[in-house]
Each structure stands twice: as structure tokens, then as C-alpha cells.
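Asks: Starting off with a structure, shown below.
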């Protein structure tokens, strides 16, 4: 998360897990593979966007929809299965994963889908709809209430994505590639990064990871590619969510849509057979800005997103088509999962740089630091007085969290229910010599490198870091970065040792997989779904102004003919999109007429990159825009708007449709 948020983190149900038994090696590299995609867009109106905690700016439309993108890999030899899902959202709640697993388990069986072998990761876009977290701090500070429409849209969409992958399993092969993407990400916390040991820093050419890793999925029949998933670290904040009112999957979602366009010609986003995903990684201190001096303007958000998204897509497409560079994958499908109780966990840690051995290293109960809420140390006395009115931290917490100055003792707050979980999951998926580490938060560059090295030193495999997986424990900085107490250190909620302890635990999971030995997983906290209330109420729609009806055209297309590069703008009298996200549907279509029979064909929706849907609540208007791309089929077009209105908060939703006049599209005048 970015900016002075007051707290983020979640947890899931605890299960004791034994790594999957190896009964075959899948030595020929043929697996059952499948991919799927599901719409997870929440209501794009009147709801705070997830990431910046800005109570003033609310969602008022859509630039791009939010999707869950999944792949499933199953061993033909053993039936062992792993699933990865990347979601266009800010973070992941433990109860969402539990609800998804319950549905999948009921349909396919717990052997195929469980908490142990399903990894659900968030891209960390800061322009996704909020209201889906269940710990109390999120509800009162981050999203200003629980939004059931958003919550169930995510559960439904993720379930649909995984189900589509499971239902389309075919024999296939996997391969991976790696390549460097420059001039597209940069380290935003130089002071903290430079506090890491010089010898460690000198082992790397850059202060952020530049390598993108791509996993390619190809069906045996016809040698047909069915999917591609990448991991590369960058914050999806090309859209400035602090002032932006449009729902956006940001640079990673943009890249995925470009990949889908390339592989699914003629299909709308979210509707094609081929599925791509651009997942998060160790992005904690990584910005899409390559210079810390770059500033954003709202009007440039789409252009910033396009530039970074295109760069990610271009590199991914290059890796995807690089036959010589693609490494085939073969071997067993295995997985490990553990729950970490911050109150009781103890590990023996060996510092790889200094050789120092620390026995019985532990963690702290969750706490947010003063630096994360944007206050300098000289304000600590004033803040402490305010903090103590809410909850005074224990002396044990204060000592454990040093040098962090505790701003909120969230881990010690449990009224009306826990503000923050003190237990979090770690997960390791393995397909042959390809390992995927599920990080439960925003690991900084060096913290992620330490996890990667810990696993690699055991397995010798390619290791990708899947950030913000299964739950969210905010940031994880290295101990040296933590000592500087920039915002990432202040948001490393379980204290200075978090990166070190989790590196040891990932190493233990890797050893368990290599040796086929059991691991003890401890106890996890409960779900809080029964505690939450529908705090964000439905919205009654006032009648449109000037005697108009819902769906009436207020501003029509302003000319009879347009050419490539020009913008078509139409405004309708409209209802609030707060009441329905039209999940799997669309608020707009751009349609082309078949002059031979008069039939209309949908050419664009609100999921496309050249359309925009904006709601003005004060004017009670819906504005649609389409920037006509080069190569668009010439001919007669129209734009349509689909929406709902509700005349009373407890009244029914009534659908309406608005239609523009017909206009021509030509290559040039």
C-alpha cells in the first residue's frame, strides 16, 4: 500500500500440511494444464479506491475492468495439482481465499483445490474498488465500510477463473524464460536500500530487480499456446489513485490486455481462450517512475499506464516468442504451506553476509510505525498521546518493534474484533525445477532477494516471487532497511526480523519438499465474515435533471463522421453505478452496423483500452468516450450505455439502455 494508510493485513484458516508425496517424476514434461479468467470488478461508483486511503476521491467510472487470471497444473503421474491466480486488486483477504476454496472443493474435491495448493495473488493496483477486507482496521480506515458487492464480485470472479482452468485441462507442456526490462522501474527508497551491506549490494547490478520471468503454457495438441504468466516487480501506480476516480487495473492489467489482444484477435478482454497474467513480485520499494523527481498529472494517467504497460507487454511477448531461450519444465508437482504465528515462532538465523548466528529469532505482534503514517520522530510525543486514547501499546511491543515508533498497536487491539491478524501464511509451489514463493505482503527488493536465495540454495531451481499472496501483512523490509524507518520500515508490521524469519521458513519448506518430510503449520485465526456489516448502503438515484429519463442522450456524437485518432464522446442521463458493477457485462458498447442486414456487432466494451466510462453524480450523467484506434474497420457505428437506477434505497434495480445516433468511421477525411 502507499501513503498514510493506517493498516493492512489479513489471515486464513490454519491447516497442518504434509508436502505432497512424490509418486512419479513427470519426467517427460507433460502435464494437465488449463487457464481461465474471471471478472472481479466491484461497483465503480461512490466507493473508495483501494490503496491510497483518500476519503475524498471515490470511484466514478471505469478505464479498465479488474480480472482474476488463473492457471492450473496437474501431474499426470500423481494427480498432484497447483493453482496460481493473479488478481487486478490492491491486496488479498484471507476470507476471500477461504470462500473460493470452499466452492472449488465442493465442485472438484479437496484433493484438487485446498488452502495448501492454491495461491491467490494481488497485482497491487491502487485503482481497484475497495471494501473487501474483513479485519476491523480496513473497514474503519481503508475502505470506510464493508462492501458486499465488491466482496462477492471477487469471490465469484476468482472462482470462475479457476473453474474455467479446471474445466479446460488438456495435456500440455510448460517452459520458462527470463529477460531484463530496463527503464521501467526504479527504487524509491535509496536511503534504506543503501543501508544494506555493501557486499550484498555489490552482488547485484541494479537497486531493483530488472529481470522478468515468464511461464508459457502450451497444449500438446497442435502445439497451441494457451497462456502466459509473468513476474516482474513494480508498483501499479501509473494511475495516480490519490486523485484518480476511474477503476483501473493499471500498468500490469494494461500489459495483460495487450497480450490478450495479440493472442485472441477479435475477442473482447476477458472473453478470449488464451489467458495472460502479469503478477506482482518483490515490489515493496519499486516505483514505475525511473526518477524520483517525476511528478504525475491526472490528465497523464492513461499515458503513464500505457507507456509502462506496453514495456511490460513487449518484454513478455519477446520472451514468449524466444524459442531458443525458453527452458522446458519437467518433474513433480509439489507444494508446501505453513501458518506463522508471530507470537510464538522462533528460528535460528544465519546472516549470509556476516556469518552471524542468531538463535531463537522471533517476531512481534503487529504494529504500524510513525514513519508510515507520514510523521517525523519529533511528533512522537503528540501522536503517542492520541494513540494511547485508542490503545496504549504494551512495553513488550514497544521494545520488540524498536527502532520503530509505534503509531498503532493494531496487533493488540481486538474490539469489536481484531484489528490486525498476528498469523500469516507462507506458501511454496513447485513444478519440476520451477518454484513459486507466495509472499504475504510487499517485500522490498533486497528482502525478496533473500527469500529467493534461501529457496535457491536448497533446490537450485528457478524461483519466482509472487507478491501479496493469500493475505496482506503490509511491507516487509530487511533489518537494515527497517533501521532507517522510512515508510516501508514503518509498515513492516511484525518487526525488524520479519524478512529474516520468513527467509528461514521458506528454506524449511524447500527442504521439506526436497526431502519429502512433513512440516508443522501451527494455528490460524478465524474468518470475520460474520462480524462485518453491509456498511456501504445502496444508493437511491434522483430523477435526471431537466425532465430527462434514464438513458436519454444529453450530448450526442458531435459530427456525422470521425477518423482514426479522434475521440467520440456521448453523454447520457444515468443512474449510479454504485448499485451494480455489471460484472461480466459492460456499461458501454461500441457497435458496428452490418449494412447488408442492419445487424449490430459489439466491437468494444468498457474493458477495452480505448474506451472510458465516467459517472458524474452531481450532474446525474454518464459520459462515454472512445478514441478510435488506427486500423478500426470503417463503417457505421453507434455507442450504447447500459445501467440501472434505484428510486429508493430498498427499492428494486431497474435496467435502462441509452443509444447514441449513428456515425461513420473513416481512415481519413
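Keep in mind that glycine also has a Cβ here, set from the backbone N, Cα and C atoms.
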Asks: Taking TrEMBL at its word that 235, 442, 475 bind Zn(2+), choose the one of 94, 124, 641 listed for that site.
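Replies: For the Zn(2+) site that includes 235, 442, 475, TrEMBL also lists 124.
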Asks: Across the whole of the domain 'Neutral/alkaline non-lysosomal ceramidase N-terminal' (31-500), what does the mean pLDDT come to? Round it, please.
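Replies: Its mean pLDDT is 95.
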Asks: Between residue 442 (Zn(2+) binding site) and residue 287 (active site, nucleophile), find the distance joining the two CA atoms and give it rounded to the nearest Å.
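Replies: For residue 442 (Zn(2+) binding site) versus residue 287 (active site, nucleophile), the Cα atoms are 12 Å apart.
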Asks: Where residue 124 (Zn(2+) binding site) and residue 287 (active site, nucleophile) are concerned, what is their Cα separation in Å, rounded?
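Replies: Cα to Cα, residue 124 (Zn(2+) binding site) and residue 287 (active site, nucleophile) are separated by 12 Å.
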Asks: If you draw a 10 Å sphere around the Cβ of residue 235 (Zn(2+) binding site), how many other Cβ atoms fall inside it, taking every protein chain shown into account?
Replies: 26
Asks: Can you give me the Cα-Cα distance between residue 235 (Zn(2+) binding site) and residue 287 (active site, nucleophile) in Å, rounded to a whole number?
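Replies: It is 5 Å, counting Cα to Cα.
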Asks: What three-state class does DSSP give residue 287 (active site, nucleophile)?
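Replies: In three-state terms, residue 287 (active site, nucleophile) counts as strand.
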